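Below is one structure; the comments refer to it alone.
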Amino acid sequence: MTFTESIDKSLSQEISCSKLNTRKNVSNGLWLTVLLPSCVITSSFKYSPTSEIYKTSSIITIGLLINALFGLFHREEKPFRQIGLIVSSLVLSLIFTLYADHGILLNLIFSILTSVSYHPILLQLIIYCPSSFTYGEASIVAQACLLFLVSSFINISSAVIYPCKTCFEIATLILQVGLIGILIICISCFMIRSLRHTLSFYTFSLGIFVGGIIPALHFLLGFSPLLWIIDLLTKDVLTVVLVSYWILCCAAAVLIIAIQIKMSTKASTSVRKYFHVLAVSVFTPGLVVNPCLIYLSSGIVFALFISIELSRILRLPPLGNSLQEAFQNFADEKDEGPLALTPIYLLVGCSIPVWIHPHPVDKCDLIPLLAGILSIGIGDTAASVFGSKFGRRLWPGTRKTKEGTVACILSQTLFLVTLVYFNVLTYTCIFHPITAITIISLVEAKTDQVDNIALPLLMYLLLIL
């Protein structure tokens, strides 16, 4: 038994003793616990100097990484989690004092709050969303939540004094305030049962939007966020064409869902991959034509997905029952729990490189932003479709085929060559990604974790190393 297998077995016993329900018949995904912190920390070094907010986020992730590693060794008789909490608090306090300019009090608050909150959030995710996550997948979600909350607090506080100037700064502020509003709605519905009724829910949600989000953004920005978004969408003819094209792609997605519901049959893997193709069709031109617009749009759609999922869970009219029917038709073996995570994971997988990157300045910097599109939009789709139709040789211990892996590698390489042909990338930029593509394709063949969240983060990390 290897060292990692020993840790995985011990963690499984700890999870079983604690009566926690993670996804069944898969590993714990230990390697996922270090992915997000590694991506942010590496980006901070590679693209230095970064903004103060990004610097703070990277320091926070150091604490999350320490907590995650110590948490893997935690047992009843060996309280490594508590040791990790102390170590991460001390390390973060020291790094904040040396490299951040928030003052001693805020440095201590960020350090202690981050260290104390990580494991409780992780455990609550597993407890209240049984069978929805592996340990590693829940770790990524917990880390992302903490990063979002801390960075939002800093950015919103800063916006009161220093006005946002660039497109990315304004878009970030809009998304942070909007998502905090969505988070308040979700938590309120969880804690207050009366808000789960149709009239109460829509009244409360409208109140949060009209009475909270919009006025807050008006105050912070000094102008109307809605008019700014409209101006961004109609900036020039090319942008209008792009947005119109996106609307057609969305209509195609709705049509696929409607047809599948009407057929009343379980969607095949090939049908589900249509959405991967649509994701590539949406994100690729968006990143090439207007990265800020795709950054803002992906965040807004993410908020919309969370709202739709809340509506499905609460069975709220007019869409609640239809959404539940769609979930039953499109759910795969990874959707064991109460949450419909597959569509959210697909969106997040394509978007997260854009969300965590300190924003590109030249053509070569576009490649890390394509990490999600390459790994799950192109590679995973090709591996699944080609492997299921033509695959004969299975990888040991999996249902994945070697032919599918070859298709995964070739399809991603061909996609990059196509971008070079259209002068989106230069030839000198595509040699390094070949190694990352090969590694990702092999991981795709062997992993039992959710591809849509694991592969984009790993691909992003490999592309910026």
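The backbone N, Cα and C atoms fix where each Cβ goes, glycine too.
Database features (TrEMBL):
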- 53-73: transmembrane segment (TRANSMEM)
- 80-99: transmembrane segment (TRANSMEM)
- 105-128: transmembrane segment (TRANSMEM)
- 140-161: transmembrane segment (TRANSMEM)
- 173-192: transmembrane segment (TRANSMEM)
- 204-230: transmembrane segment (TRANSMEM)
- 242-263: transmembrane segment (TRANSMEM)
- 275-308: transmembrane segment (TRANSMEM)
- 366-386: transmembrane segment (TRANSMEM)
- 406-424: transmembrane segment (TRANSMEM)
Cβ-Cβ under 8 Å with the transmembrane segment (204-230): same-chain residues at least 6 beyond its ends: 156, 159-160, 163-164, 170, 173-174, 177-178, 181, 184-185, 188, 195, 296, 307
Maximum Cβ pairs under 8 Å to the transmembrane segment (173-192) - stretch from the list 105-128, 140-161, 242-263, 275-308, 366-386: 275-308
When counting Cβ pairs under 8 Å to the transmembrane segment (366-386), the leader among 53-73, 140-161, 275-308: 275-308
Distant-in-sequence neighbours of the transmembrane segment (53-73), which means Cβ under 8 A and at least six residues beyond its ends: 7, 11, 30, 33-34, 36-38, 40-41, 43-44, 80-81, 83-85, 87-89, 91-92, 95-96, 99-100, 102, 110-111, 114-115, 118-119, 122, 139, 143, 146-147, 150-151, 154-155, 158, 358
